[in-house]
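Pulled from Swiss-Prot, these are the features on record:
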{"type": "BINDING", "residues": "10-17, 57-61, 119-122", "note": "GTP 1 binding site"}
{"type": "BINDING", "residues": "181-188, 229-233, 294-297", "note": "GTP 2 binding site"}
{"type": "DOMAIN", "residues": "4-167", "note": "domain 'EngA-type G 1'"}
{"type": "DOMAIN", "residues": "175-352", "note": "domain 'EngA-type G 2'"}
{"type": "DOMAIN", "residues": "353-437", "note": "domain 'KH-like'"}
């Protein structure tokens, strides 16, 4: 199931983005930079005391054509719609402002848990000014300094106390997948077409507190799936609904709630920057990925060469998704749609594949013999052994004499050798370098 969602709201210049980056910072630093992945700080992962959660910085959703107070209200509404817990950020230097009171009133009526963070409390004298914020009616104000990291522990304790316990009954063996992509690539048509292909709809289930509709269905061969709503399709009347950044955020929510992600491209329009944003997030989240090129029926004079050229373009633009299979479909004519359930199941199985340590180390030793380890400043990298420590995605720890001696290119070489020996089509794999004690 998806992680709890924490939204950060507040008027401009109270330090929302600094707080967002401070909470996400340590988690983000763990993930090695992957060439070609464009990061977007609108949405990120956080962790506190072993509790994982996703964060939204609503201030990153731009509505510059709207009056300032209208923008603030809309951002608060987004937080209410999307979040399980809301952090409202205020600035101790300005005291309680009219804009703060407006946001507080909206949040108070929402019945969502709200944690009040009073930012820029950079010295002990400022702590006395914190008590004025009780008048917002949101409970205890937590003094923090997002720049210096002071007070974040107590605030995050309050945040995770409001996480609902996961209901064990919600877990099932169905494969959860979603169609994700920028607006107008044909996600809705694909959803309708694949349900039309399989027809046996078990139920439409209201999923999380955000009321996403997750559709359970059984494919013709008996395989069971849950299609995660990419959300936003069914919601109307919101000024922010059509913004690309909001579409990106909703796609990220669907990715977090899926085992397998189908990245949808529009064959007529080629590859856009937002496609890269969304696909990059799916890769970083460790989800299994299938690239679906929709509207293939609209390409004139299409043949095998046309398909090869488009495939080469995808491989060039999405180099970090070299493991993802590509399928060319048409929601309109239903061309190749029947392949999707089997491809989804295969990617899911590969994502959960486990390799015995003895077999893995045989492959590792062969790789070392074929391409000796690099050296730096007279010191050679020594690789001792490897073991698989997790699935979804498959994660391997490689024990070495000095992790700094393993260059990115050599780690990529070892990953390629592992992929050549074991079929991990459709799933990223993670290699963690660890010093042997």
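In case you wondered, yes, glycine gets a Cβ from its N, Cα and C as well.
Annotated features taken from Swiss-Prot, shown on the structure.
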residue : record             : Cβ within 10 Å
10      : GTP 1 binding site : 27
13      : GTP 1 binding site : 10
16      : GTP 1 binding site : 24
58      : GTP 1 binding site : 26
121     : GTP 1 binding site : 25
181     : GTP 2 binding site : 26
184     : GTP 2 binding site : 11
187     : GTP 2 binding site : 24
296     : GTP 2 binding site : 22
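Comparing CA positions across the binding-site residues 10, 13, 16, 58, the one lying closest to residue 181 (GTP 2 binding site) turns out to be 58.
Residues belonging to the domain 'KH-like' (353-437) score a mean pLDDT of 95 in the model. For the pair residue 16 (GTP 1 binding site) and residue 296 (GTP 2 binding site), the Cα-Cα distance reads 43 Å. Break the domain 'KH-like' (353-437) down by DSSP state and the numbers are 31 helix, 24 strand, 30 coil. For the pair formed by residue 121 (GTP 1 binding site) and residue 296 (GTP 2 binding site), distance between Cα atoms is given as 56 Å, rounded to the nearest Å.
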